[in-house]
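Visitor: The structure's right below; bear with me while I get my questions together.
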Amino acid sequence: MEDRVFVLTLLISLSSASVSASFFFPNITGAIPPWQKLPNATSLAPWDAFTNFSGCHSGETRDGLSKLKRYFSNFGYFPDSSSSNFSDDFDEELEKALKTYQRNFNLNVTGQLDDRTLEQIVRPRCGNADIVNGSSSMNSGKPSSFQTVGHLLHTTGHYTFFPGTPRWPVYRRDLTYAFLPGNELTDEVKAVFASAFQKWSAVTPLTFTETDSYSTSDLTIGFYSGDHGDGEPFDGVLGTLAHAFSPPSGRFHLDADENWIVSGDVTRSALPSAVDLETVAVHEIGHLLGLGHSSVEDAIMYPTVTSRTRKVELGDDDIQGIQSLYGGNPNYNGPTATTPTTTTEDWETSGGEIPYSASRWILAGFLAIGSWILLS
Ligand SMILES: [Zn+2]
Ligand SMILES: [Zn+2]
């Protein structure tokens with residue numbers, strides 16, 4: 001039994017409120033998912049073509065560089081750009097974005113598309129931007145003495161917050177969460193999320209309780225496919241895996257097209273594109289609570305996740321970050337944030353949610369079927 005790996009596949013149909021018809025996929029249970037027919041599902045990952053830019057540097061023009069610029073724009077590296085009409089020229093703006101990216105991910109700041117950098121760029125990752133509203137809070141936004149060098153830290157406090165440091169207010173310490181009813185998740189899947197929430201409640205005064213009342217829940221969790229109405233469309237297998245909004249939004253979306261591994265050993269999955277659900281859930285809950293991305297590779301809040309890997313334990317950086325927002329759990333015996341270093345100007349402000357995406361949020365007619373596929 002231990003060797004069996006279960007994959008949850010979710011097919012979700014969606015339509016906007018303006019479209020009355022919705023799509024439904026009946027009797028999906030037992031069907032062979034399309035990815036099983038593919039010789040190598042990872043070759044379809046949306047960013048793999050970027051590896052063709054190996055060695056590319058300033059002054060060159062290459063077909064498709066505009067797509068790389070859009071990638072950087074999506075994750076906040078083109079703060080001044082309107083993110084439209086990118087050229088295929090390796091211009092100064094791209095070089096600047098690339099250097100910032102390299103700093104954030106502890107790479108050699110070459111300003112060129114060297115192999116190490118490309119390797120990092122094509123990794124599946126969280127859809128949240130690394131730089132929000134132009135202010136970088138990862139390595140590139142810190143003085144060099146605060147930056148990580150490999151795995152060694154010069155100091156603690158690499159965790160980051162959203163601009164304005166939004167967090168759940170003091171009178172909201174017992175938060176509820178609900179699953180998008182149309183997803184019809186099994187108890188086994190729900191248990192994965194409960195376990196992910198527990199990682200954060202263990203080190204804070206926060207508690208998380210599931211509720212059936214989706215409309216009144218503090219936190220809402222849903223699997224969506226492609227464009228789902230918030231301006232941040234998902235992109236199929238790998239690429240962007242999930243995203244979540246800062247407090248007090250509570251919205252947490254996962255890409256329904258990923259090959260989510262719910263139980264079993266993800267590192268032994270036969271699927272190159274297998275992604276561990278709890279690993280992603282622990283990360284996104286960090287965003288729901290107010291944490292941004294960290295440059296510390298071992299931290300849960302590091303932006304990328306390699307497929308077929310599992311990382312569900314909070315790192316010291318994560319714990320220090322979350323405890324500087326909410327304080328510790330009196331019953332917790334592990335490392336605590338003894339010298340929390342807040343990085344922003346006004347962390348008492350629990351302002352509005354950070355809209356890294358369009359404010360439009362019209363979703364209707366979600367129908368989903370979850371099916372368990374026994375792989376071996
Ligand atoms: Zn993230
Ligand atoms: Zn979304």
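For all residues, glycine too, the Cβ spot is worked out from N, Cα and C.
From TrEMBL, here are the annotated features:
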- GLU284: active site (ACT_SITE)
- CYS126, HIS283, HIS287, HIS293, MET301: Zn(2+) 2 binding site (BINDING)
- ASP218: Ca(2+) 2 binding site (BINDING)
- HIS228, ASP230, HIS243, HIS253: Zn(2+) 1 binding site (BINDING)
- ASP235, GLY236, ASP255, GLU258: Ca(2+) 3 binding site (BINDING)
- GLU258: Ca(2+) 1 binding site (BINDING)
- 326-344: compositional bias 'Low complexity' (COMPBIAS)
- 164-328: domain 'Peptidase metallopeptidase' (DOMAIN)
- 325-350: region 'Disordered' (REGION)
- 1-21: signal peptide (SIGNAL)
Visitor: Which binding-site residues of ASP230, GLY236, HIS253, HIS283 contact ligand 2 in the sense of C-beta under 6 Å?
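Guide: Among the binding-site residues listed, those whose Cβ sits under 6 Å from ligand 2 are ASP230, HIS253.
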Visitor: When the number of other CB atoms within 10 A of each residue's CB is tallied over all shown chains, which of the binding-site residues CYS126, MET301 has the maximum?
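Guide: Selected residue: MET301.
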Visitor: If one looks at the chain holding the residue listed as 'active site', which residues at least 6 apart in sequence have a CB under 8 angstroms from its CB?
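Guide: Once residues fewer than 6 apart are set aside, the residue listed as 'active site' is near CYS126, ALA242, HIS243, ALA244, PHE252, LEU254.
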Visitor: If you take the centroid of the Cβ atoms of ASP235, GLY236, ASP255, GLU258, the listed Ca(2+) 3 site, which other residues of that chain have their Cβ within 8 Å of it?
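Guide: Surrounding the site, in chain order, are PRO46, SER225, PHE234, VAL237, LEU238, GLY239, THR240, LEU241, ALA256, ASP257.
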Visitor: For ASP235 (Ca(2+) 3 binding site), which of the three DSSP-derived states applies: helix, strand, or coil?
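Guide: The residue in question, ASP235 (Ca(2+) 3 binding site), is coil (DSSP, three-state).
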Visitor: Tell me, by DSSP, whether HIS283 (Zn(2+) 2 binding site) is helix, strand or coil?
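Guide: SS state of HIS283 (Zn(2+) 2 binding site) = helix.
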Visitor: In the structure shown, which of the binding-site residues HIS228, HIS283, HIS287 has the fewest other Cβ atoms within 10 Å?
Guide: HIS228
Visitor: List those of the binding-site residues CYS126, HIS228, ASP235, HIS243, HIS253 whose Cβ lies under 6 Å from any atom of ligand 1, in sequence order, or write none if there are none.
Guide: CYS126
